[in-house]
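To start, the structure itself, in structure tokens.
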Amino acid sequence: MKIISEGETKLMVPEESTLSKKDTVFYNPVMETNRNISVSVVQSFLDNFKRDEFLMCDPLGGSGARGIRYANELEFNGDLKVSIGDINPSAVKMIKENLKLNELENVEVFHEDANVLLSKNFKVFNVVDLDPFGSPVPYLDSGIRASLTKGGLLCMTATDTAVLCGAYRKTCIRKYNAIPLKGDKELAVRLMIGYAVKMASKYDIGLKPIFSHVTDHYARTFMVTERGAGKADSAIENLGYIRQDSEQKSFKAFEEGYEKGYAGSFYLGEISDKDIVQNSLETAKNRNYSKRAVDILELISKESEIEQVGCFDIHELCSFIKKLVPPVNDIMDNLKENGFKVSRVHYNPYGLKTDAELSDLVVLISEYHSKKY
């Protein structure tokens, strides 16, 4: 064992963490950025929370890193309590050791299956954070029901991004009841949100995303639960299908039904709230969280100013029109000079969000080459 620091929290973790042994406690240091962002986003949500008690659940605790950081680093004037569960007895033991290490008394630990823990706590938690290895689908139904408190928050990670991005089409259809679209990684998180919205709607619950990102090998989203059939209907109105023709996307409303050649359904509405993103960015900066977490939040802050589903991949676009790829910064400057909004995206070094049309980009790239060469 070794002791490390993440954010403002000390953690005892295995020297080597692996999923190959049944009794091994899993800790992934690569996900520190994920946890930095998560604490920042939940803090932004908590800043507007009006009740005296705030109850959270991390039902897939592992080493306890996520739940313990919530318990230790979130600032709240009322009573903040965190429930952490894991089916692995070795994990439960480590979680308890990490609680002692940080002298925390606001955490309850459960040696229990995640679905059992969540099902026992119907409508109890203000926040449920599903962070599995693989797909969140097996835990989603019980996670939704456990976070049905008024204005609750459902956080969800999927590490099966190859499935969500279309590498395993049949698996995606089977697990997420949707046809994936290859290419744009943002569509992975939109597909995941779309599935969650459909799952929640059967309980007359609407899910409203307030923050989403696709980083490394995972997709992550934070969704507010809103009670009422009307809220569920409003959430479903944001679902739709996408058809990709060359570099151009066509859209079709969910209520119109599926049509051959389209993929989805995807959540086509806003997936990150501008105020939440900005507040999360300020929190991450003020707490000196990792530079990478701050950089991702800064990019998402700029992205959220532009209403575009997905992005334009300049590398793919130039390949399609048979032009050399100009420096991305030059393309951005040209777009701004022509009165368009533009931002890089956090998940693709060649990706741009802009209110320009595809035809505008083609013209600007062609003009760039005619002047340059």
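Cβ coordinates are placed from backbone N, Cα and C, and glycine is handled just like the others.
Annotated S-adenosyl-L-methionine-binding residues in Swiss-Prot are Arg35, Asp86, Asp113, Ala114, and among Arg66, Arg145 the one listed with them is Arg66. A sphere of 10 angstroms centred on the C-beta of Ala114 (S-adenosyl-L-methionine binding site) encloses 23 other C-beta atoms. Asp86 (S-adenosyl-L-methionine binding site) falls within a strand when secondary structure is assigned with DSSP. DSSP assigns Asp113 (S-adenosyl-L-methionine binding site) to coil, not to a helix or a strand.
When Cβ neighbours within 10 Å are tallied across all protein chains shown, the highest count among the binding-site residues Asp86, Asp113 belongs to Asp86.
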